[in-house]
Each structure stands twice: as C-alpha cells, then as structure tokens.
C-alpha cells in the first residue's frame, strides 16, 4: 500500500497549502479505505464464486462486454503508468545515491541510471507469478516504512529552514490553480493499492464459515494504520521544514547526514524494484494470454522472455524520455488512479446492491463518485501543465 508517491506528498502540500492540504489528505484516507472495504465485501458476494480480478467484478456489475471495456483500459493505464513512474523514481534515487556517496565523481546522466535500474527488471520479470515475488514484496514493504521514517526524521532533525515560506509556489493565480489540480493527482497516486487488492484476496483460503473477507479486512485496517503513520508525518514535517522550496521528491531536498540519505535512496531503489514487479505482473498476464489465445503463439519460455523484455524496454524508454516525477504523478494519479481508487467501486456497489435512494449508503457513494469525478477531470490538466513546463527547460536524454 505504501507507494513511492509518499515522497511527493510534501511537494503536493506546497501546492495545496496547509488547510486544503491536510483536509485532502484526511479525506482521501477515509474515501479510499471505504472503497477498499467495498471491494473486500464484493469479492465473495455471489455464494460459491470469487471475483479474483478487478475486471471480473466489473463484468458482474456492468455486464460481460461493458465490464471489460470499462475496467481493463483503466487498469492497464494504472499499471503501465506506475511502471513508468517507478522507472523514473528508481533512476533518480540511484543518481542521488551515487552523487551523495561520491561527491567528486564525474557527473553521469540520469538516462544511464534509468538504464541501470531497468537492467534488474529484465531479469526479475522472468519470475513466473505472484507467489514467486513474495520475498521481493516483503523487502519492499520493510524498505518503504524505513525510508518514510528517514524522510520525516531527517526533516525534523534538519529543522525549519531559514527564510522558509508557506505561500503558494506559483507567482500567478492561474499557475496556483493549475498547480493545485496537479497536486490532487499527486495525492491520488499515493493511495493506489486498489488495483491489486482482489488478486491479493484471491490468495487467502475461504470457507462459508470463515470467509476470506474477515482476515483480509483485518489486513487492510493494519495496512491503513501504517499508511497513516507513513504519509501524514512525511507530508506535514517535510512541508514544515522546507516550505514551498521543497523538491518534488523530499529525499532530494535532504542533504545531510550523507550516509543516512544515501541509505534512504538505496531503500527507495529496493522498494520500487519490488513494486514495479507487482504492478507489471497483471500486465504480463494479459499480454501473454492475448498472444497465446488470440495470436496463437506457442506458450513457453521464449514467449515469456520476448514479451516481458519488450514491455520492460518500452517502460524504460518512456521513463528516459519524460523523467518528470511530479508531473507524471499528477497526470497518472488523476487520469487513471482516481476512477479505480475513488469512484469505480462505488459505482459497482450502486449497480449490484441498489441501496435505497437517499439512504446513508446511497449518499456516501454519490459523494465519493462526485469527488472522484472532479479529481479525474482536474488533476490531469495540472499534471500535463507541469510536464510541459518541465519539458521547456529540459534537454532530452541529458
């Protein structure tokens, strides 16, 4: 659940401001916890049947064909989007590690660091399924907790910077408004575990006496408490220390103690290696199914090697071409994460359970849907603007 998006939260706060920033963080926490509860409940709502994939749930709610057309494109955008952002994150953190450890070394391009990071995935992507990456997942979870703690701990240690300002970053009103929209996407990107939650629940054994939703819900609650302990301190302390001068990745703002910051950046690398694989697995699954069933390729090692390596190469190329952490977060966060995380579960709930008009459930779901729609429409505009601004001063493959 704790994504590398947590490192962009202080930057999002600098574009939202204290009041709106705290409100949006708390609101997102509650809304996404509620939609996650809905997904856990809907996993086994038909006796004797389990919906192990997001699109299966979509088909139950919207019909066989429409369900696929609504859910699958959004899931693919989320998964491919995360993979691109994680390519950039991995490369940037490796570069920061190198620059911190070796201050006198020759400057190496970010492009090369993204290539180094991608080289790991050409190997790891050959692992067959979810169970074979459980060790990688555990390492990733420990790392994300550790670097979140380092991020806010080092910010507290560094203290409030001299001449720190908490006003909005942009000099113009238009810039402030569009920055605000982009920051909403940054927050949405940070809460993004919904796309793989049914696949995870599918691995829990279930009987009519002991349905899988009970242990799963306990797991979700624990995960969300940890999410709160990671996200809120990083967002608030990072913004408090650096104000609106904070970088889009808070670890880049922190310089000292050098060994600790180098360690934190290495932890980010380990974490995004694991997370990249988790989000790439469903894409590999779809890709290979399509190649075997529709295009009649023989299944086997050769197919896996070529299909998966091509996918890693494409995400690497896109990451090298557009290495804008914050702009990408805002764009993908709003465009794809808002629907799958904030309002698609609510729409499914209304379609399947048909709660009474103006009952509490009906009102709650409609509030989530309206807020989610706003998020989906507004934040890609802010994110795209950020990418265009960054691209103006950026030399490709530098």
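Think of each number as a place in line: the chain as shown, counted from 1.
Placement of Cβ uses the backbone N, Cα and C atoms for every residue, glycine included.
Per TrEMBL, the features are as follows:
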type     : residues : note
DOMAIN   : 1-382    : domain 'Amino acid transporter transmembrane'
TRANSMEM : 16-37    : transmembrane segment
TRANSMEM : 66-89    : transmembrane segment
TRANSMEM : 110-127  : transmembrane segment
TRANSMEM : 133-154  : transmembrane segment
TRANSMEM : 220-242  : transmembrane segment
TRANSMEM : 262-284  : transmembrane segment
TRANSMEM : 305-325  : transmembrane segment
TRANSMEM : 331-353  : transmembrane segment
TRANSMEM : 365-388  : transmembrane segment
The transmembrane segment (262-284) touching the transmembrane segment (220-242) per 3+ Cβ pairs under 8 Å rule: no
For the transmembrane segment (331-353), distant same-chain residues with Cβ under 8 A (at least six beyond the ends): 5, 31-32, 35-36, 38-39, 42, 45, 54, 57-58, 60-62, 70-71, 74-75, 77-78, 81-82, 84-85, 181-182, 184-192, 194-195, 361-362, 365-366, 368-369, 371-373, 375-380, 382-384, 386-387
Considering the transmembrane segment (365-388), which listed stretch of 16-37, 110-127, 262-284, 305-325 counts the most C-beta pairs under 8 Å: 16-37
Chain residues outside the transmembrane segment (66-89) and at least six past its termini with a C-beta under 8 angstroms from it: 3-4, 7, 54-60, 114, 117-118, 189, 192, 195, 249, 268, 272, 275-276, 279-280, 282-283, 286, 315-316, 318-320, 322-325, 328-329, 332, 335-337, 339-340, 344
The transmembrane segment (305-325) vs the transmembrane segment (110-127): 3 or more CB pairs under 8 Å: yes
